[in-house]
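What Swiss-Prot says about this protein:
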type	residues	note
DNA_BIND	662-706	DNA-binding region
COMPBIAS	64-74	compositional bias 'Pro residues'
COMPBIAS	100-110	compositional bias 'Polar residues'
DOMAIN	802-931	domain 'SH2'
REGION	1-83	region 'Disordered'
REGION	6-46	region 'Mediates DIF-inducible nuclear import'
REGION	98-151	region 'Disordered'
REGION	304-340	region 'Disordered'
REGION	396-430	region 'Disordered'
REGION	504-554	region 'Mediates nuclear export'
Amino acid sequence: MSNNNPKKRPLDAISNTFEVKQEEPEFSSDGFNTTNDDLMSLMTFLDNGTGQQNQQNQQNQQPQPQPQPQPQLPQPQSQQPIYNSNTTTVTVKTEGIATSPLSNASSPISTNNNINNNTNNNNNNNNNNNNNNNNNNNNNNNINTATPPAIGVQQNSNIPYSYPIYTDVTGQQTQHQQNIGQNSVNIDPYFQTIDGAQIQQQQLLQQQLQPIQQVNNPQIDQAQIQQQQAQQIQQQQAQIQAQQAQIQQQQLEQQHLQQQQFQFQQQQQQQQQQQQQQQQQQQQQQQQQQQQQQQQHHQQQQQQQQHQQQQQHQQQQQHQQHQQQQHQQHQQIHQNHQNQLNHQNQLNNQNQLNNQNQLNNQNQLNHQNQLNQPTQPQMQQIELPILHQLPVEPQHLHPIPTHINNNGNNNNNNNNNGSNSSNSSNGIGSPDDIIEPNILSSIQHCNNNNLPLPDHLLINTPYGNVLQPHQQIINECLKLHLAQKEQLDKMKIVQKQVLAHPQKETFQMLDNEQNTLKKQIDAEITSLQQIDQTFVLSPPEIRNVIFLLHELTIQSIQLELYHEELQLLVRPQNPPPTIAALVVIEQPFPMVITKCKPLEDDPVVVQLLCGTRTELQMIGKVRATMIVENQQGSKTSSSPKTIETEVVSMDETNRLAKYHLKFLNGTRKNPVTLKFGMQVQVVGGTAVNIESPPTSPFIVITNECQYEESDGTLLKKDSFGNNNEIPWASYANKLQRHFLRATRQDFMKPTRYLSRHELMYIHHQFFGSKPMIPQSSFDSFWIWFGKGLQKLRYQRHVCSMWQSGLIYGFISRQSVEEALRNEEQGTFLIRFSERHAGHFAVGYKVDDPDPEKRIRHYLVKADDTAGAKKTLPDFLSECPQFTKILQLTIDVSTGEPRLRNFPKDVVLEPYYSKRETLPATNGYDSLPTIL
């Protein structure tokens, strides 16, 4: 072609920096070289826009291969090729290569993808499998990665023309592919449009711009395709082998994990076994330690016992000194107490005079007001409740403090008087409604005996003949009880008048008096309970405390009935309630009763209490019901008839019912109580059943052998109740009470009760001298004490000998040896054995060269007192070695025990059996067996 073509432009217009590097063709050249005609054809094609039509014609001439599914590869966001800043790639069209199967294979980057578009169906299937395997491998193992498409190349098999690849000066291969005839054409930013005039100038650079010769050699293509297929098959096999290896590796890992888990479980089992063995060893060690601790505790107890014995000896010496000091303190306290009484009497007398003057002035004012005003019927005063007349609602019963302050009571009285004087001008009431001032002043005068409780109430001192603080309080409570009884009788008269003709002044005063008296009674009950729990009392003191607690409780019930009746003026009820109560005022319980034996000397007395104006009609008689107490709770006895006389008539005058009980059946060692009930009716009302509180517990036995266990059950219930532990003083007082009943002694004049030394012996021997007695220690004590009490009650002459002091009773072996150490030969002493419950032991003195063997002890056996006609005195009389007996007496001045020796026949002769004396058997010694 000539260089005179007007469309050719010189290549000098191209930038001088454009470097062209001729790239060697990948395949051998077939003699085809790119010419200027080819470039002209390309430019003509671009200018005429017929490239698309020619492309379609060429596609119609060539057989269309059946399209195969191609794997979807991620397309880059930008179709622009990436160029080096120093180079520019120029792509041209080469005719005859656009439809060649190797037209896209000239690029090394897109070789694999172009081959897939030109192979047959089998090759396509293999390639698809390969791509699928590659995708699976990419998803699961991340081993193989699909070859990304070439930068700037669109993977579209329908594009008929493609530009060959040129190589820039850097040696990098780039490919620019675009659809001819489309609206948008990707143009290199450095590419300049070449027209026909410039084609001749481009010939100068043909030698440098040698395109890659693409040879359409079927043999080379087929060999290359087979080689690529073989490589793909190898890759697939390698991938399959890799997957199999991975699966095997996973299986091995799972097996390894299972083995580790199995080993871990075995280790855990071994650890558990080791822990169990360690626990067993620890338990064995703990058991050994407990045994050692028990042994040490036993040794410590023995040491403590020895130490306590020494302390007791020292305490006895200190006690004498302490008594002397207390005697002086008691005298001072008594003087202070008398001074307080005198001062209080003076204050009360002054208050009484002031109250009388105020009442007289008030009565005069009321009388003048009533004369000036017309009289009104009395019923009009009751139509409106007093609540509307009073400025303040009356006081109710409040919790009771332990101490009573007389000054507070006097202030209340003064306040009441002030209210009366202030309200006297209202003109309420009439001359007939005025209460006599003497009655009100007498009620107030009864409160003059209110005494504050002394601060030394909690001092724990043993009882004696010296007047002690708790004895003073008991005496004061006795005086208050008599004064309160008189006060209740006068209060009944006043309340009748108040209910008949209500006045707010007298109502307020009477309500305050009832509240004050209720507080005083509760304070007395509290102080007596504290005395019982703090001091070891003598039998007369025990009797007084029991009597006062019972009487004060009845007074409290009567006062509550009065108060309830008085409050009906403020809170009327329709129909009016039945204000009545049934109480037991006398009872011999707690005690053990023998079946079918009447209680002639110890009757049970029941009294009916009511209000001041309550008119009751007694319907029927009083009925006694036995309530059995067991572990399941209280329930009525199922026996058809357990009491011989269950129903008794009540005296209408005194409203008393007296029972001489006789029980026909035993209670099977279970404690029981009695309740009494009857029907009463208010005039104009309906009948109402009222019932008394239960009596103290008792047990009915059928044989004397049941006494020991039954009395122990009663003592335990009477002492502890629902408590796990109680003070020693309270327990000693309950024990003394049961002991006196068992030995049939009078509380006020006992002949031989448990002395202070005997109680100290019991406290130390069985309870370790602890201030609090646990309920768990009771059974072991009663096993020993109960058998001795059984013998004292039922064995012939034993109880009489006890009361006469011929049986010392509760004393240790060491104390017996000390008592006999300075006595003559043949002197003996009777006591209860410490190791053999219910047996007597005789300690006596003999003539022995060894001083340690001169005091001996003999245990009285059952055969020694066997038979109806052989008693303990008879056994002692038959022993010639027993000549003198030590008799126990109590010093009246100090309360200390004293022993005096008497010839046994002098003191025991009244107890000897009257029978013929048999001659002694010759050749045999009657000396008792030496222990």
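Every residue, even glycine, has its Cβ placed from backbone N, Cα and C.
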Mean of pLDDT values spanning the DNA-binding region (662-706):
91
Taking DSSP H, G, I as helix and E, B as strand, the domain 'SH2' (802-931) contains 31 helix, 32 strand, 67 coil
Please report, as numbers and ranges, the same-chain residues at least 6 past the borders of the DNA-binding region (662-706) whose CB is under 8 Å from any CB of it.
575-576, 578, 580-584, 587, 589-599, 604, 606, 608, 614-630, 637, 639, 641-645, 650, 713-714, 717-718, 794
Summarise the DNA-binding region (662-706) by DSSP state, stating how many residues are helix, strand and coil.
3 helix, 21 strand, 21 coil
